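Engineer: Checked TrEMBL, it gives:
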| type | residues | note |
| --- | --- | --- |
| DOMAIN | 1-55 | domain 'ABC transporter' |
| DOMAIN | 84-147 | domain 'ABC transporter family G' |
| DOMAIN | 201-414 | domain 'ABC-2 type transporter transmembrane' |
| TRANSMEM | 220-241 | transmembrane segment |
| TRANSMEM | 298-322 | transmembrane segment |
| TRANSMEM | 334-355 | transmembrane segment |
| TRANSMEM | 367-386 | transmembrane segment |
| TRANSMEM | 454-476 | transmembrane segment |
């Protein structure tokens with residue numbers, strides 16, 4: 001069907017070209033206008049309405065568009081257009097022309113009937129004039145002065161009165177009456193009855209989304225390396241983790257965990273705010289046209305960004321884990337990677353949830369940043385221990401994914417570590433900083449339940465992924481219903 005529509009609108013030669021935007025050069029204005037018409041024809045509608053499709057186009061392209069629409073109108077379709085300053089050559093392409101003035105139908109009939117009608121009214125179009133311009137000017141009200149307004153309004157009323165007394169108007173009324181008296185009106189199929197399956201629609205949306213985003217090479221590079229750029233800064237600042245308490249063995253690790261809990265969700269949020277709103281705008285329009293549901297575009301985007309998230313987080317995790325010298329164990333690295341990946345994806349999913357109900361991306365960005373910051377403060381226990389935290393905040397912490405990710409990372413890094421204090425021969429009791437000799441002591445004092453609930457925390461963290469995905473789909477279903485009523 002797509003190939004047929006592209007052939008019908010002479011678009012096959014630009015099938016693989018970028019449409020373009022204000023910043024990206026793509027196809028021409030006329031070709032872009034034909035693409036917008038083609039998108040509507042995908043439903044195979046019997047009635048097509050176009051609002052000034054030639055505005056902003058050069059004369060040649062405007063002629064091509066109107067000629068194309070005329071051809072479509074003679075292929076068992078009704079094409080209704082409003083047109084601004086058409087050329088005189090297009091006059092005979094229209095089957096019927098309607099002129100309105102001050103909300104009144106001044107004339108409606110064929111081009112030849114129009115010429116005859118205005119001739120009978122005493123307003124013959126001069127030979128060298130454009131009939132469109134002449135008749136529209138004739139039926140317009142000039143508001144530049146009170147005298148001109150009264151004069152031109154009176155003329156319009158005379159023409160209107162003449163039209164309503166004409167045989168042309170009588171024919172229109174008779175045709176309307178015949179249609180109203182028909183017992184069975186002919187059906188008007190606005191789209192194909194055999195709609196593709198939901199899975200096939202999802203596949204098409206995924207393929208289109210991936211193809212469009214893949215054209216932005218710099219955007220792809222930034223999506224893959226954005227977490228690494230943050231990791232470079234942290235690694236340069238931190239250099240190498242040490243086991244000496246005097247040299248910040250605990251403080252450095254706590255700070256690194258804090259950064260790893262707070263930053264990946266933020267980069268995920270930036271991706272969603274930057275990439276999804278244009279897709280949301282497209283889905284708002286195309287779902288109105290009945291091509292698919294909004295949640296299907298959302299699901300296609302989620303499937304699209306997952307591989308990018310995995311690769312980006314894998315690059316970041318590999319670099320930061322082994323460069324800074326975190327616990328040297330392959331299985332621990334796997335847990336670290338899994339936690340960072342979940343946090344990054346949760347940040348993007350949380351943003352998608354908000355984008356389903358909030359239109360302005362700037363407001364969404366500010367709101368999700370605040371949610372992420374609040375989750376880090378309340379949930380991690382790294383700024384204030386859970387024992388010292390007020391009861392309401394303790395309860396709220398269980399609703400934050402940062403609580404579970406931070407506890408997993410703390411256990412993953414501190415369990416099994418042995419600390420020194422100012423050198424191997426120094427006494428632990430001499431220096432006030434030397435309060436822990438083993439990492440498990442730090443865990444038991446600051447996160448007493450983290451060790452026993454390690455597996456549960458991991459499962460709860462990953463439960464956020466399907467939970468937020470379902471909430472996002474529901475938010476877009478609500479959006480679908482709300483916009484559908486507008």
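Backbone N, Cα and C atoms are what each Cβ position is placed from, and that goes for glycine too.
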Engineer: Taking 220-241, 298-322, 334-355, 367-386 as candidates, which has the most Cβ pairs under 8 Å with the transmembrane segment (454-476)?
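Structural biologist: Stretch with maximum Cβ contacts: 334-355.
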Engineer: Can you work out which residues elsewhere in the same chain, 6+ from the ends of the transmembrane segment (220-241), have a Cβ less than 8 Å from its Cβ atoms?
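Structural biologist: Hits for the transmembrane segment (220-241): 213-214, 249, 252-253, 255-256, 259, 263-264, 267, 270-271, 308, 311-313, 315-316, 319-320, 323-326, 344.
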Engineer: Over the domain 'ABC transporter family G' (84-147), work out the mean pLDDT and round it to an integer.
Structural biologist: 85
Engineer: Please report, as numbers and ranges, the same-chain residues at least 6 past the borders of the transmembrane segment (298-322) whose CB is under 8 Å from any CB of it.
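Structural biologist: Same-chain contacts beyond the ends: 202, 205-206, 209-210, 213, 220, 223-228, 230-232, 234-235, 256, 260, 264, 267-268, 271, 275-276, 279, 283, 333, 336-337, 340-341, 344-345, 348-349, 352, 356, 469, 472-473, 476.
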Engineer: Below 8 angstroms Cβ to Cβ, which residues of this chain, lying six or more residues outside the transmembrane segment (367-386), approach it?
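Structural biologist: Hits for the transmembrane segment (367-386): 254, 257-258, 261-262, 265-266, 269, 273, 347, 350-351, 354, 358, 393-394, 396-397, 400-404, 406-407, 446-447.
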